[in-house]
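Notes to accompany the following structure.
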Amino acid sequence: MTAILERRESTSLWGRFCNWITSTENRLYIGWFGVLMIPTLLTATSVFIIAFIAAPPVDIDGIREPVSGSLLYGNNIISGAIIPTSAAIGLHFYPIWEAASVDEWLYNGGPYELIVLHFLLGVACYMGREWELSFRLGMRPWIAVAYSAPVAAATAVFLIYPIGQGSFSDGMPLGISGTFNFMIVFQAEHNILMHPFHMLGVAGVFGGSLFSAMHGSLVTSSLIRETTENESANEGYRFGQEEETYNIVAAHGYFGRLIFQYASFNNSRSLHFFLAAWPVVGIWFTALGISTMAFNLNGFNFNQSVVDSQGRVINTWADIINRANLGMEVMHERNAHNFPLDLAAVEAPSTNG
């Protein structure tokens, strides 16, 4: 009898690392995108927490008037924010080693640029990690495609808009009231409410909420009863069961009679594709709208577009919005310039004397 002993090849340390990184048996999948995602998101999160608590005021407008954003400098959870990098820095890459000191780096809002750039890289890698895990499990790639919508929106407000406006100081502050301030100023300067891409985004978000609520309530109302009246209907479901958990025919019939027949999906797959695609496409359009308005391709301007036979203006809601925009622009950066840009651009009347 002859025994053949096969020598087991020793796997290198790099090989074991590659196998561990790409293994779908791990409790949390890491993947090659995760190798970059983990340090970037940890860096962004750590600096955000420290800066939100203790960062000193930042000279956001570049006029030696620092704005406080951290908790230790008088703010609360609502008013606190990471103040964007100073207009004096503009679009320059501003890591710590480019400043003369850490104090100067903090005064010019260096943490904002650090957080934003690491965050955008991290969420892009998270999207790639979703695709990578789907690929290794033999799934279709639509999870990553859906996640591309919020990634595009974040990239638009944190990167594309500052590039178009010429300074990171125009980026969205990282805080609750800072976000509201960004929205108000954006409306004042770009008339975003009158931009069709923003309208599509509103339809996507509100429509997606409506469709999600309709779908969830229809499914919950047409569950196949597997329990007694004294038990929760949820107890009748077992994870991984092959049987349908709700009666799609009953849900289809109800909704078809509630509105009209063809308003109801009779294909569960096309229904769920629609539920995913509607808000995703809407948010894509919003991100595209922000990116175009970044370069001052603004919303529609219907100011003074209705006049009577004598040429007198008949005010419409467009004129009311325009007046509100001017008021918001007057209050924005009120110490950085004497007049809002729209008013300062008007040619001064000639004087005789």
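Backbone N, Cα and C define each Cβ position, glycine as well.
Among the candidates His198, His215, the one that Swiss-Prot lists alongside Ser264, Phe265 as binding quinone is His215. Checking Swiss-Prot for transmembrane segment across the ranges 87-108, 197-218 points to 197-218. Matching 29-46, 245-262 against Swiss-Prot, the residues noted as transmembrane segment span 29-46. The stretch from 29-46, 197-218, 274-288 with the most CB pairs below 8 A to the transmembrane segment (118-133) is 29-46. Here the C-alpha separation of Ser264 (quinone binding site) and Asp170 ([CaMn4O5] cluster binding site) works out to 45 Å. It is His190 that, of the recorded positions His190, His215, His332, has its Cβ surrounded by the most other Cβ atoms within 10 Å.
Away from its own ends, the transmembrane segment (29-46) comes close to residues 20-23, 114-116, 118-119, 121-123, 125-126, 128-129, 131-133, 136 of its chain (Cβ-Cβ under 8 Å, at least six residues beyond either end).
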